[in-house]
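A.B. asks: For reference, the structure I am asking about is given below.
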Amino acid sequence: MNNKILEQLEFNKVKELLLPYLKTEQSQEELLELEPMTEAPKIEKSFNEISDMEQIFVEHHSFGIVSLSSISESLKRLELSADLNIQELLAIKKVLQSSSDMIHFYSDLNNISFQSLDRLFENLEQFPNLQGSFQAINDGGFLEHFASPELERIRRQLTNSERRVRQILQDMLKEKAELLSENLIASRSGRSVLPVKNTYRNRISGVVHDISSSGTTVYIEPRAVVTLNEEITQLRADERHEEGRILHAFSDLLRPHVATIRNNAWILGHLDFVRAKYLFMSDNKATIPKISNDSTLVLINVRHPLLSNPVANDLHFDHDLTAIVITGPNTGGKTIMLKTLGLAQLMGQSGLPVLADKGSKITVFNNIFADIGDEQSIEQSLSTFSSHMTHIVSILNEADRNSLVLFDELGAGTDPQEGASLAMAILEHLRLSHIKTMATTHYPELKAYGIETNFVENASMEFDAETLSPTYRFMQGVPGRSNAFEIASRLGLAPFIVKQAKQMTDSDSDVNRIIEQLEAQTLETRRRLDHIKEVEQENLKFNRAVKKLYNEFSHERDKELEKIYQEAQEIVDMALNESDTILKKLNDKSQLKPHEIIDAKAQIKKLAPQVDLSKNKVLNKAKKIKAARAPRIGDDIIVTSYGQRGTLTSQLKDGRWEAQVGIIKMTLTQDEFSLVRVQEEQKVKNKQINVVKKADSSGPRARLDLRGKRYEEAMQELDHFIDQSLLNNMGQVDIIHGIGTGVIREGVTKYLRRHKHVKHFAYAPQNAGGSGATIVTLG
């Protein structure tokens, strides 16, 4: 397809109409590169994709895709063994997450028979291990502390050191308030300093980092915090080094998968592009045209896409029709009709919806040529006629029977008689070459050519004689006629002058009467057709309204079912919580053994009435909802005991799940994690007691870490931990108390000695913590 036609018809402006619908940079790049195609199967595939997307919107009301940055350059850098920065890794993380979401979305689609999009969905690949590792990068482009143990250690030390510096400086603010110009802690060159009055600079020993512009304030780093600030500076350098190491490791993880990730990114961008095409079609009442294989071109109620309130027109370019000649005066909309045909064909061949009604057809041209407007070349000193003729000669040399040719004011710019003769000769050459042509002209001689010549048809633009203005309605089959006499009469020209003028053109009066009759018949036919279309539109509106009501009803029904299920679940949860509270109180106040409490709990559960709910439609629906939320590979999760995010990577034969949490792999049962919804992620509060379940030959086992706790806090957590361990039938537990001053260790020992359910306890082996940990046997 020649590029000149794209400029002449302003095709790039048409493409810009789709920009507001795009969410990904990849789809924007695809739109920028979009050009008309010349192969029918490729065009058909594009149309099928839009039809598939329409089905998705009908069934699901939406097709969610997040904004994605282009990762093309980042992937190229990976291929060159370069390391990516945090923002580049975050962009790739979003692509991985969006790929996983799209795979899950596709697996949940029902009642849709795809023609093309299924292949795109099925070519998407998941990377659960990578997703799990990349949870260490949050959405703000920050590395979480759990990205590595070393980073966590550095940041913990950094936090402690900064807290100590703040505390020392806060104390000095109180003690040295009279020496300070402001009661605040300032920062200079990354160091925490105090703003000291210049007259008292010798009263506070330390390092001077800055002096105010007025010279009245000196910013001093007190000697008491110099060492700590140096430690903070070193820790920040260590933090940057460790972050760089982690980014290098993440880059290495991505390198083997560059090709697949690039393919995923392209698919996501293309799906976004198809979504944009559908939304453009829906908002502009456009349609997907059929593709004819016999050069037939039918446009029903076609509109110019770049006009604000375009008039819709019908155009029928049958397979045996070679040329349509639009005659009549200027300013009637002839050029707009010419451009509308060209743009509709360009849009259709680019795989875009056409601004026309259903039933429209396009054909596939290898080239579209146009001579529109004044393309006079001042540099070449050519006249308007010469400029047009040079262009027309070029078109005639290049056009073939697989081309569409558009001429605006063919033969204009020279002697009318010679111009008309040239126009007819050019049209005749194109007709004999079987090249489809639409031409506009104001030469009356071409009316006769259109009437007398086979496979050529006249057309004109309607003119309202009452208002003396064009209506821009296209009248195919009706040649244009001059309205000069009617206009002159209405503008007040003397009747005898108008009569004399008519007598002078008596030879053309019969032709004009025939044209007038044809116009009247065309108008009547159009009125009837408009009425039929109005009825059709009413029927369509009714059908849409019924469908919309049905969809709303289905949606509301599903919401009610979900609400009923949630309410029922809340009631059950409330009852179970109350029973747990009662049992806890009993355990605190009695001599009941843990296994007796568990038996009692089971008896309480048995009190619930056994009702056959197999035929209950509401609960059956609820079960389906619950089943639809079963964990799947690639799901994001919250590990309950840690409060940290991870990603499911695989399911074991025994039903347990493997998950990637930062750089750590974990094996979890389903009750040890909760799913994070894609569109409604819930914030999870980190629990203060970290319990890590392990497999042990003596039965379930748990661990409690009391290091860094205050004595009272540690004893409360120990008491709660032992209670929970007994209720969960733990056979053996580990308590990590550290060595330190020995206060917490002694408190743990005293507590265990007096607890009636502790069978035995002893320090851990030397290789498992030694005297810093105690192993407890419960019973």
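Glycine residues also receive a Cβ, built from the backbone N, Cα and C atoms like all the rest.
What Swiss-Prot records for Gly328, Pro329, Asn330, Thr331, Gly332, Gly333, Lys334, Thr335 is ATP binding site. Taken from Swiss-Prot, the feature domain 'Smr' covers 704-779.
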A.B. asks: Including all protein chains displayed, how many Cβ atoms other than that of Gly332 (ATP binding site) lie within 10 Å of its Cβ?
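C.D. replies: For Gly332 (ATP binding site), the count of other Cβ atoms within 10 Å is 24.
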A.B. asks: Can you name the residues of this chain that are 6 or more positions from Lys334 (ATP binding site) yet have a C-beta less than 8 Å from its C-beta?
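C.D. replies: Within the chain, Lys334 (ATP binding site) has Cβ neighbours under 8 Å at Ile326, Gly328, Asp408, Thr440, Met461.
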A.B. asks: Helix, strand or coil by DSSP: which one applies to Lys334 (ATP binding site)?
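C.D. replies: Helix, per DSSP.
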A.B. asks: Let me check the 10 A CB neighbour count of Gly328 (ATP binding site). How many other CB atoms are there?
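C.D. replies: Gly328 (ATP binding site) is surrounded by 27 other Cβ atoms within 10 Å.
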A.B. asks: Within a 10 Å radius of its Cβ, which of these binding-site residues (Pro329, Gly333) has the fewest neighbouring Cβ atoms?
C.D. replies: Pro329
A.B. asks: Please list the DSSP helix, strand and coil residue counts for the domain 'Smr' (704-779).
C.D. replies: 35 helix, 19 strand, 22 coil
A.B. asks: Give, as a single whole number between 0 and 100, the mean pLDDT over the domain 'Smr' (704-779).
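C.D. replies: That stretch averages a pLDDT of 84.
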